[in-house]
Amino acid sequence: MHFDAANLLPILPEIAVLLTAAIVLVVDLYIAERHREVIHGLTLIGLVAAVALTGAVGGGATELVFDGNVVRDSLADLLKGAILVVSLLVFIYARPWLRDRDMLVGEFYMLGLFAVLGMLVMVAANSFITVYLGLELLALSLYALVAFDRDSSRGAEAAMKYFVLGALGSGMLLYGISMVYGATGSVEFGAVAEALASQGMENKVLVFGLVFMVIGIGFKFGAVPFHMWVPDVYEGAPTPVVLLLGSAPKIAAFGLAIRLLVDGLGSLHADWQGMLLILAVLSMGIGNLVAIAQRNIKRMLAYSTISHVGFIFLGLLAGTEQGYAAAMFYTITYAVMATGAFGILIILSRKGFDAERIEDLKGLNERDSWYAAMMALVMFSMAGVPPLVGFMAKLLVLEAVVRIGFVWLAVVAVIFSIIGAFYYLRVVRYIYFDKPEEDAPALVSSGGVRVAMSLNGLALLALGIFPASLLAVCQAVFGA
Amino acid sequence: MYQFPLLTLLIWLPIVGGIAVLASGDRSASTSKWTALGFAVLTFVSSLWLWFGFDPGTAEMQFAERVAWIPTFDVYYALGVDGISMPLIILTTFITIFVVIAGWEVISYKPSQYMAAFLIMEGVMIGVFSALDAVLFYVFWEAMLIPMFIIIGVWGGPNRVYATIKFFIYTFFGSVFMLVALIYMYFQADSFSILDFHGLELGMTAQTLIFIAFLLAFAVKVPMFPVHTWLPDAHVEAPTGGSVVLAAIMLKIGGYGFLRFSMPIAPDASAALAWLIIAMSLIAVVYIGFVALAQRDMKKLIAYSSIAHMGFVTLGFFIVFAIVQNSTAGAGAVMGVEGGMVQMISHGFISGALFLCVGVLYDRVHSREIADYGGVVNTMPWFGAFFVYFAMANSGLPGTSGFVGEFMVILATFRANFWWALLAATTLILAAAYTLWMIKRVVFGPVANDKVAALTDLNRREALNLGVLAAAVLALGLWPAPLLEVMHTSVEHLVAQVTTCKLPADEIGACVLARPEPLATVVQP
């Protein structure tokens, strides 16, 4: 195999993240305890550099490198940028929490960076092997991170559950990949697509392979009925890890779905559309209904995630350029919303106390009206109330399903979104309508967190009022 | 030709004002109050330009603006007003001033957030009335819920959380189906422009489904029987300002929706289902009138009275279809719609004033129960006079604005069906019964208890509020001609539009409305 150094150019962002992880690992060994915050700074610098490199090497025609195993196209550029920016916010929010609990250590940053690297590899994959590689890198880092607070038995339990179910999901995916390889004789998406086009869909092995792959994607997204791990992991894992796990990986999972289902198995659209339809309706239904019964806000947000995944699937199953663009818009904006929601939970936590019950948000408006407003923006956005971006995202996916003539599906989706509005409103209710508890201390947060949270919350408003530019970018990716 | 973007100014001026008030914080309550009042007055003064610059001779959209908003989905930031929406915008800017003044001393908890919420809501409501793009309309329509949700929930009464969540979920439920209908029509018309929707040729099934989707949205908002149950709760728990905005403006948005969407987009379905709306309206007028009679809480009574009066509005709008099927004369039809419009404006003044009156009492005694009062006129003669006056207006006394709209609607209803008109006319008795009976128990009679004995009469701020509204009610009652004149051309245009069959050629046999004239062939010179 001939190696060309030009191969390395399109993966410079990945290299930057890998280098940062390696540097963090080494620096962490030698640095004194009181200088630990340097690691945080290094991580942020590494991520900013990766964002810059994504911009620098991005744009232009599609490039295939490493013998067609890795691709750099507009989809990869955009998803990488989104993953990196969201991860940047994640690390900024996580710092005070880690510092208060003496957990600001190299391992968190190293594992977190490897997770980011895994996500970047996933969205830039052009073969089943690369996709799987990225997926496992992400998953293994996250398994370890969920158990990061080693004294917490809940964390260990959650990690165990996550690991077992995650491994099962990965296994399903791998099994599906092997079947498709058997049927088409290739692992590279382009070759698979060509083989499919020539041999048609008569081959039963292919259909089985597709089913297993959709199951794998369902597991990674946390779509019903493959959602069992989501609430337990969200509840048991430390809040910064949930923040990491609940935001950017959704973007990566979207990349996974597009790469596998559209780039690889696009000609089987008619087959996977029905499967995604079932997953979407179940996810919206179960997610929204069960979320109402939750008292733990992390569990509530877990079920809310499940319902949002249903909406993302609506865009995917449409199978049109507009549908993919809408799903992408939804995924990216959802990641921003989720980051804001968990960010607020971290801000509300302090040493020896984690904000976990919905009641912990009581009277936030009196404790800090700015954070209260930001959380209200996040909640209204998740509920899909204009002028916030959550509405635009819902509008676009609904438009996509109506476009393919599924008006009934749009009606089902809006009914579930009404049900969903209830539990988001309940959060707003605690923030604004209730008095804070007597012993609630004032919120302290360093300047960086406040700036990041303000940007995060106002971005939801700004994207809702001016959605055109992000939407245009998403549509350009799919040539709509 | 450059045109000053007046509507944009009217929408964003109060919103910017709201943000400024919010930013001023609670450090100095008087600064935020005066800033809020300043912005409210400024918006009202600017909106007068709309009135004087308006050309009543055309049904075209005026003060139109159109800028691409989401180009890839043909969504435009398109604004414009006609004779139907323009008076409602003025009503909005007018009422907001009183809301700000009414909260002047009463609101001590986070006054800047209170004022800001009302200013932002004012801007959003003006947006609803002036949007000509369906997505823009929907964004404003839903965005309206957020400030109202906060207002009722934060500054409301003891049961506010239940009331505000009920309010939000109810209205949200109604409107999401409208969203699906709007998206559906986008693919039919290839545009989100509301005026393009008007020209859309739709089959009977599509029209019926669209009509039902709109009905869910607007009937909840108006509110019509049987989806009215959120209103009494919301009104009772809302602070005075919230009740005023709710009754005076928000309910009108439902009525406006019927005129702007349901009727012109789905005229054939409207004609086919007009019996349903007329029945719902008459039930609202009669049954809700009786319900109002049984209330012990003043705010609840006025809330039920609002539902009954809004029944007149929907009756006036949909009686058009019954008239057209009965006779060939269109005059009665126009009168019905105009009567409904006048009723909306007039009810805006009267219900707003009545809620302000209850607010005056509530601020002093902290009770809304009728039984806690009696003989108020002995200690508050000025207040008593105003309260009695507005009560008279509410029961439709000739000479007040309440009479004009009701009279026109009843007159139009007579052209359709004598018995319906008779039922509608019972309102003159019922409204008089429940309003005046409340007045009798609250205002007249001997002083009931020590609290009433200790009441002080209106202060200057309250007197100003009620005085100006009283003048407006009287002016509209004595001389409604200017209002009728600005809306006449637009209403005529609307009536012509909704009485023309829109079914496609293969369903033309099902037309109950007039068939469109075959288009004259245009001869190119």
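Glycine too: its Cβ is placed from the backbone N, Cα and C atoms.
Annotated features in TrEMBL:
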type     : residues  : note
TRANSMEM : A:12-31   : transmembrane segment
TRANSMEM : A:78-96   : transmembrane segment
TRANSMEM : A:108-125 : transmembrane segment
DOMAIN   : A:125-419 : domain 'NADH:quinone oxidoreductase/Mrp antiporter transmembrane'
TRANSMEM : A:131-148 : transmembrane segment
TRANSMEM : A:160-181 : transmembrane segment
TRANSMEM : A:241-262 : transmembrane segment
TRANSMEM : A:274-293 : transmembrane segment
TRANSMEM : A:300-318 : transmembrane segment
TRANSMEM : A:324-348 : transmembrane segment
TRANSMEM : A:369-393 : transmembrane segment
TRANSMEM : A:405-425 : transmembrane segment
TRANSMEM : A:458-478 : transmembrane segment
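Remote same-chain partners of the transmembrane segment (A:458-478), defined as residues 6 or more beyond its termini with a Cβ less than 8 Å from a stretch Cβ, comprise 73-75, 78, 321-322, 324-326, 328-329, 332-333, 336-337, 340, 377-378, 381, 386-392, 396. Panel annotation: around the transmembrane segment (A:78-96), residues 13, 37, 40, 43-44, 47-48, 50-51, 54-55, 58, 104, 108-109, 112, 116, 119-120, 123-124, 240, 243-244, 247-248, 251-252, 254-255, 328, 332, 335-336, 339, 342-343, 346-347, 445-446, 448-449, 452-453, 456, 473-474, 477 of the same chain, lying at least six beyond its termini, place a Cβ under 8 Å from a Cβ of the stretch. Beyond the transmembrane segment (A:108-125), the same-chain residues lying 6 or more positions past its ends with a Cβ under 8 Å from any Cβ of the stretch are 10-11, 13-14, 17-18, 20-21, 24-25, 28, 39-40, 42-43, 46-47, 50, 69-72, 75-76, 79-80, 83-84, 87, 90-91, 94, 98, 131, 133-142, 144-145, 148, 240, 244, 248-249, 251-252, 255-256, 259. By the Cβ criterion (under 8 Å, sequence separation of 6 or more), the transmembrane segment (A:241-262) is in contact with the transmembrane segment (A:324-348), since 3+ such pairs are found.
Counted over residue pairs separated by six or more positions, the transmembrane segment (A:300-318) shares fewer than 3 Cβ pairs under 8 angstroms with the transmembrane segment (A:131-148), which leaves the two as not touching. The highest tally of CB pairs under 8 A with the transmembrane segment (A:274-293), across A:160-181, A:369-393, A:405-425, is held by A:405-425.
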